[in-house]
Every structure is written in structure tokens, then in C-alpha cells.
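Listed features, source Swiss-Prot:
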{"type": "BINDING", "residues": "Arg79, Arg104, Asp131, Pro132, Met133, Leu134, Ala135, Thr136, Gly137, Gly138, Ser139, Asp200", "note": "5-phospho-alpha-D-ribose 1-diphosphate binding site"}
{"type": "BINDING", "residues": "Ile194, Gly199, Asp200, Ala201", "note": "uracil binding site"}
Amino acid sequence: MAKVYVFDHPLIQHKLTYIRDVHTGTKEFRELVDEVATLMAFEITRDLPLEEVDVETPVQVAKSNVISGKKLGVVPILRAGLGMVDGILKLIPAAKVGHVGLYRDPKTLKPVEYYVKLPSDVEEREFIVVDPMLATGGSAVEALNSLKKRGAKNIRFMCLIAAPEGVEEMQKHHPDVDIYIAALDEKLNEKGYIIPGLGDAGDRMYGTK
């Protein structure tokens with residue numbers, strides 16, 4: 001069963017409060033999402049492997065540690081997931097970036113893949129799939145399906161806010177993918193919005209309706 005990690009770092013929780021606030025404008029919203037993504041990336045990369053190397057300081061040669069050849073990839077779910085990418089790349093600039101685009105079929109209400117672009121060495125990379133919201137879980141499940149059928153084997157999912165229903169759906173379909181979130185909210189309402197949530201992340205990020 002996939003593990004769920006809720007980050008309770010004070011800075012993450014502080015910034016998340018203003019992300020939720022209906023009075024937060026588009027520019028500030030984008031900046032806050034970027035900042036929280038950086039803080040979450042710091043937490044999610046705690047287990048990266050290290051190897052010891054020699055480094056020449058101005059005084060003498062010393063033993064020190066560097067990341068041990070780990071290949072990472074960041075995959076935002078379009079469009080709202082794009083707002084989290086730069087925050088992660090600030091910490092791991094060598095990561096390759098893929099994209100997964102999905103839309104909801106008006107008849108079946110199920111997510112449909114319309115765009116996928118991943119690094120060519122997909123089987124060798126560990127991916128962090130990002131989306132600000134995990135509501136019903138439908139889009140996240142389909143995005144992970146897209147990665148796996150193209151050869152991805154090591155995947156983590158990172159979002160700002162999740163509903164219990166979305167977490168359950170993810171664990172049902174992708175029990176091998178751990179979930180990293182800033183807050184686990186109460187529930188979904190009848191329209192599928194997370195309660196209390198933050199509204200529509202994409203609309204608030206890009207100033208659309």
C-alpha cells in the first residue's frame with residue numbers, strides 16, 4: 001500500500017494558509033505555490049543516495065558527499081501542475097521535465113490523455129509527478145497510467161492539498177506510488193471540489209475562470 005506523507009513544516013503551513021485565502025491575488029498565488037513546491041522538494045529528496053568524493057578546498061583535500069548519479073524527472077499534470085515545476089528545479093536543476101495533458105470527457109466525465117512528452121530514458125529515471133490538487137484522483141491515476149505504460153517504474157506523487165477520496169483512489173490503482181502532500185483536507189463536495197480546499201488551482205494561478 002502506498003504511503004502518505006503530510007508535511008507539517010511551519011513554513012509550508014504558513015504559506016499554504018495564504019494560498020487558500022480567497023483574497024490572495026494571482027501573482028502572489030503563483031509565487032506561493034512556487035515557494036511551497038521548493039520546500040516540499042527539499043523534504044521529498046531526503047532519501048537521495050550519496051557517494052563520497054575528494055574535494056580540493058583552499059586549505060587541503062577533504063572527503064565530502066555528492067548525489068550518487070540519481071536520474072530524476074519532474075512531470076506536471078497540465079495545466080496547474082506547471083506552477084510547481086520551477087520551485088522543484090531550483091533544488092534539482094539537472095532534473096528532466098516531462099508533461100502529461102488530460103481533459104475530462106463531457107459524456108463519461110473520465111480523464112482522457114491528449115498530450116504526453118517524457119524523457120527518452122524514462123525507464124532509468126525516478127519521477128515526481130506534480131499537481132496542486134488531488135481531488136477525485138481520476139486525473140492523477142490516469143497520469144500515472146501514462147507514465148507506467150511508457151516504462152516508468154519509480155514514481156512519487158506530490159500535491160499541495162488532497163481529499164481522502166483522492167488518496168483512496170490513488171492507493172487503489174497505484175499502491176506502489178507514495179503520496180506527498182502539504183495538507184489532507186476534509187472531503188469533496190457535490191461538485192468534486194476539495195473542502196475547505198483552495199478553489200480551482202489553475203484558474204487562480206493563471207487568472208482565468
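Each residue's number is its place along the chain shown, starting with 1.
Backbone N, Cα and C atoms are what each Cβ position is placed from, and that goes for glycine too.
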Largest tally of Cβ atoms lying within 10 Å of a Cβ, found at which of the binding-site residues Asp131, Asp200: Asp131
For Ala201 (uracil binding site): intrachain residues, at least 6 apart, with Cβ closer than 8 Å: Val33, Ala80, Gly83, Pro132, Met133, Leu160
Candidate nearest Ile194 (uracil binding site) in space, where candidates are the binding-site residues Arg79, Asp131, Ala135, Gly137, Ser139 and distance is Cα-Cα: Ala135
Rounded to the nearest Å - Cα separation of Ser139 (5-phospho-alpha-D-ribose 1-diphosphate binding site) and Asp200 (uracil binding site): 14
Residues satisfying Cβ distance under 8 Å from Gly137 (5-phospho-alpha-D-ribose 1-diphosphate binding site), sequence separation of at least 6: Glu165, Gly166, Val167, Glu168, Glu169, Met170, His173
Ala135 (5-phospho-alpha-D-ribose 1-diphosphate binding site) - helix vs strand vs coil (DSSP): coil
Local backbone state of Ala201 (uracil binding site), from DSSP in three classes: helix
Spatial neighbours of Ala135 (5-phospho-alpha-D-ribose 1-diphosphate binding site) that are distant in sequence (at least 6 apart) but have CB under 8 A: Ala162, Ala163, Glu165, Gly166, Leu188, Gly192, Tyr193, Ile194
Remaining residues near the recorded uracil site, that is with C-beta within 8 Å of the centroid of the site residues Ile194, Gly199, Asp200, Ala201: Pro132, Met133, Tyr193, Gly197, Leu198, Gly202, Asp203, Arg204
Cβ-Cβ neighbours of Arg79 (5-phospho-alpha-D-ribose 1-diphosphate binding site) (radius 10 Å): 17
Euclidean distance between Cα atoms of Arg79 (5-phospho-alpha-D-ribose 1-diphosphate binding site) and Gly199 (uracil binding site), Å: 15
